[in-house]
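*Asks:* Got a structure here, written out as structure tokens. Questions coming.
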Amino acid sequence: MERLLDNKFSIEDVHEESLRPKTLEEYIGQQKVKEKIKIFIEAAKKRKEPLDHVLLYGPPGLGKTTLANIIANEMGVDIKITSGPAIERAGDLVAILTNIGENNILFIDEIHRLNRTIEEVLYPAMEDKKVDIVIGKGPSAKTIRLTLPPFTLIGATTRAGLLSSPLRDRFGIIERLDYYTVEELSQIVMRSASILKCDIEKEACIEIAKRSRGTPRVANRLLRRLRDYAMVKHTGSITYEVAKSGLEMFEVDEYGLDLVDRNILEAIVYKFGGGPVGLSTIAAAISEDEGTIEDIYEPYLIQEGFLVKTARGRVATQKAISHIAKIKFKLKESGDNR
């Protein structure tokens with residue numbers, strides 16, 4: 001079953017398109033990044049040049065794709081969207097590059113997953129606006145260098161450390177997107193509820209924001225699920241009490257942790273004495289993929305002070321130990337033996 005708090009893109013998030021802001025003014029949060037991007041855009045427009053190449057990095061669900069679309073909109077240019085895994089051959093990338101219009105934007109999501117051979121096609125394209133095409137095979141093969149129109153590459157990644165230095169160094173603008181505050185998320189929830197024509201109390205927006213793991217994508221997903229819950233179980237309006245009872249039914253606690261997060265913490269606390277314990281051991285203990293734990297669950301647990309990464313492994317903090325003990329006590333009181 002799909003995880004409600006998963007900050008990765010899902011099929012259902014296609015419906016989120018209507019919730020996406022279209023301008024920097026509408027874009028809530030990431031204030032420092034916004035201010036810098038606004039300056040770079042205005043300067044590029046005054047010079048009548050394309051924006052310098054941009055690398056956006058940070059955890060999933062924080063608005064990298066949205067920001068790329070906003071940049072295109074603010075620059076008044078078209079954007080071509082693709083992803084690292086979708087570009088399987090160097091020829092695929094060459095075809096995309098040779099079809100980009102002047103000053104337009106190419107957005108590559110998960111750019112860290114580009115094959116190194118394919119990545120090398122980008123070097124002359126980004127630096128010199130040139131791309132090499134090989135015609136023919138064997139000894140008679142010839143290389144023709146084509147000139148590309150000026151363009152902007154926007155790359156997005158959740159793992160900036162996996163980018164090769166030659167690629168990373170070719171980006172003139174590198175910005176990290178951070179987790180959102182509760183206040184910012186509550187504004188996003190209120191705005192989304194208005195677009196969805198969903199009646200919601202301010203206190204309910206704050207409650208959703210508190211449990212959204214600092215991530216707009218999660219906040220919007222919780223809002224849609226609570227809209228369903230309110231329509232079926234209540235009058236349709238999302239009050240504070242409706243939000244609280246709905247989130248409890250979805251097993252999303254006051255810290256924004258779900259069953260999977262708690263399984264990780266419980267394994268470290270009860271099976272391995274609080275740690276330190278290796279990632280592979282945790283993964284085996286809860287039957288979860290190592291990469292999924294490291295990329296999806298751990299960043300938030302570390303950010304919120306539940307987990308510490310050391311050279312010897314993962315260690316549960318006192319906050320984690322207290323929280324897990326409190327949950328166990330509540331379950332015991334309610335007769336739940338989990």
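Here the Cβ of each residue, glycine as well, is placed from N, Cα and C on the backbone.
According to Swiss-Prot, the protein carries these features:
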type: REGION; residues: 1-180; note: region 'Large ATPase domain (RuvB-L)'
type: BINDING; residues: Leu19, Arg20, Gly61, Lys64, Thr65, Thr66, Arg170, Tyr180, Arg217; note: ATP binding site
type: BINDING; residues: Thr65; note: Mg(2+) binding site
type: REGION; residues: 181-251; note: region 'Small ATPAse domain (RuvB-S)'
type: REGION; residues: 254-338; note: region 'Head domain (RuvB-H)'
type: BINDING; residues: Lys309, Arg314; note: DNA binding site
*Asks:* What's the CA-CA gap between Lys309 (DNA binding site) and Arg217 (ATP binding site) in angstrom, rounded?
*Replies:* 26
*Asks:* What is the separation, in Å, between the Cα atoms of Leu19 (ATP binding site) and Arg314 (DNA binding site)?
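*Replies:* Distance (Cα to Cα, whole Å): 37 Å.
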*Asks:* In whole Å, how far is Arg314 (DNA binding site) from Arg170 (ATP binding site) when you measure between their Cα atoms?
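*Replies:* Distance (Cα to Cα, whole Å): 35 Å.
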*Asks:* Within 10 Å of its Cβ, which one of these binding-site residues (Arg170, Arg217, Lys309) has the largest number of other Cβ atoms?
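*Replies:* Ranked by Cβ atoms within 10 Å, first place goes to Arg217.
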*Asks:* Return the count of C-beta atoms lying within 10 angstroms of the C-beta of Gly61 (ATP binding site), excluding that atom itself.
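*Replies:* The answer is 28 other Cβ atoms.
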*Asks:* Of Gly61, Thr65, Arg217, which is closest to Arg314 (DNA binding site) if I measure between C-alpha atoms? They're all binding-site residues.
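*Replies:* Among Gly61, Thr65, Arg217, Gly61.
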*Asks:* Mean pLDDT for the region 'Large ATPase domain (RuvB-L)' (1-180), as a whole number?
*Replies:* 87
*Asks:* Using DSSP, break the region 'Small ATPAse domain (RuvB-S)' (181-251) down into helix, strand and coil residues and give each count.
*Replies:* 51 helix, 2 strand, 18 coil
*Asks:* Given a separation of at least six residues and a C-beta threshold under 8 Å, show me what packs close to Thr65 (ATP binding site) in the same chain.
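*Replies:* Sequence-distant Cβ neighbours: Ile81, Phe107, Asp109, Ala156.
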*Asks:* Widest Cα span across the ATP binders Leu19, Arg20, Gly61, Lys64, Thr65, Thr66, Arg170, Tyr180, Arg217, in Å?
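*Replies:* If we measure all Cα pairs in Leu19, Arg20, Gly61, Lys64, Thr65, Thr66, Arg170, Tyr180, Arg217, the largest is 32 Å.
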*Asks:* Looking only at the region 'Head domain (RuvB-H)' (254-338), how are its residues distributed among DSSP helix, strand and coil?
*Replies:* 52 helix, 9 strand, 24 coil
